[in-house]
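S.K.: As annotated in TrEMBL:
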type	residues	note
DOMAIN	288-399	domain 'Phospholipid/glycerol acyltransferase'
REGION	64-90	region 'Disordered'
TRANSMEM	6-30	transmembrane segment
TRANSMEM	203-221	transmembrane segment
TRANSMEM	227-248	transmembrane segment
TRANSMEM	260-278	transmembrane segment
TRANSMEM	414-434	transmembrane segment
Amino acid sequence: MAALLMVVSVVGSILLTPFLMLLVSIIFLASIGKSLGVRRLYISLLLMIFEYGRLNIEVAQKKVRKDDSDEEEDTVTLPETGGESKSEIAQTVPQGNLLPNGVVKNGYFNQNGTSLINREDNLILLPEPPKIPNPPHCDTDVSEASLNKDDNVVKHFELSTCFDYIKAGMEAIIEDQVTSRFVAEELKNWNLLTRTNRHYEFISWRLTFIWMCGFFVRYFFLFPLRVIICCIGVLWLTICTAMVGYVSEGPFKAWLNSKVSIMCFGILSSALSSVITYHNKENAPKNGICVANHTSPIDVLMLMCDNCYSLIGQRHGGFLGVVQRALARASPHIWFERSEAKDRHAVAARLKEHVSNPNNPPILIFPEGTCINNTSVMQFKKGSFEVDTVIYPVAIKYDPKFGDAFWDSSRYSYMQYLYMMMTSWAIVCEVWYLPPMYRKEGENAVDFANRVKGVVAKQGGLVDLVWDG
């Protein structure tokens, strides 16, 4: 035991100095807004690893499919025609799901004798209409024996008649356009994270080795480093904003607050290994209202690394409350209690008061009102667009391959969400500043909001939905 402790202490003393030097260099470069390009090189390396993993997965899956086909050839005797006969199909497909010509009904997928709804686009469930009995004006001298022989006539109600419609209705409920936007986006390729929708860590020994190495890097190197950077960033933000709060109001305070804000949020972005690309900086907001699509609370972090904003929102406790109180010391922000936030007129009044002062920073608003999984843009609430001022649209798009920034608040608390972000590979984000937009003459707030939403969705490559999130 003593020998083990001695080895650990020696290794720790050797690695401590490089670790501290790396930490200091990251914080220093982030505070002055400079980068050596290490994070982008890190992202390029990850892409190469993901591509290598994809090729290994495809090879392993082909091998599994080949083994399965060989096993089926050994155990199943096919008819001389080379395919299954109608009688064999009828034995595996539930009664009523097979058409007279031996074809399975549209929308059914047979798997080990179980009838399932197929989700493929080329095989959509269409309920089979019930058979209509002979109309009243037809010949009524049809014997009961002939009715029994005619399978196309339904003489009484069967419970199974409505099953097709129930399945169609359940499919519409499960896969509607709204609820699917509140779950994490499915990845086309696995990103070596077991929290994603694909689990291939044990599909081959090569992937298992890479996954174990990645697990060690993320949890035993990146995670401690990011936690330390985050704590230092929050502490530095609190100290700097407190000092700015003592400066008298005026242009100098506004300039100082802008520099301090960008510096502190640049340090905090390093805690997530963020790689942010800003497009069309000439359209960056200068005053008025800035509106953006909403994926997560770190949307604010992504935008504040490049510009200074005032924020509007509900007061929070805990970690978010500390950040809110720190920001409020240095610049004007609008924080509401839960009861006040429901008063739309009070919100509009304070919003108009803020934008009426040209010395105030632009106020950042997320009109969707909730987090969407970065695949679409939901309905923009009209409150922000009723104020007679310039609107600066911003489109934000994350790359989920390296870390899914979407916050599913119904499943995870804010601290759980931060833990998942800090144990992801990185946060890669694209930000587009769009040209300022003004409300046209005779245009109501709803039409203006929809026009801005359409521009944001088009630029970000997102689906433009009319539903209210």
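Here the Cβ of each residue, glycine as well, is placed from N, Cα and C on the backbone.
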S.K.: Which one, 203-221, 260-278, 414-434, has the most C-beta pairs under 8 Å toward the transmembrane segment (227-248)?
M.R.: 260-278
S.K.: In this predicted model, what is the average pLDDT of the domain 'Phospholipid/glycerol acyltransferase' (288-399)?
M.R.: 85
S.K.: Would you kindly list the residues that approach the transmembrane segment (203-221) from elsewhere in its chain, counting only those six or more residues past its ends and only Cβ-Cβ distances under 8 Å?
M.R.: 49, 52-53, 56-57, 59-61, 192, 423-425
S.K.: Could you tell me what the rest of the chain brings near the transmembrane segment (260-278), counting residues at least six beyond its ends with Cβ under 8 Å?
M.R.: 26-27, 30-33, 39-40, 42-43, 222, 226-227, 229-230, 232-234, 236-237, 240-241, 244, 298, 301-302, 304-308, 327, 330-331, 403, 421-422, 424-431, 433
S.K.: Can you tell me how the residues of the domain 'Phospholipid/glycerol acyltransferase' (288-399) break down into helix, strand and coil by DSSP?
M.R.: 40 helix, 26 strand, 46 coil
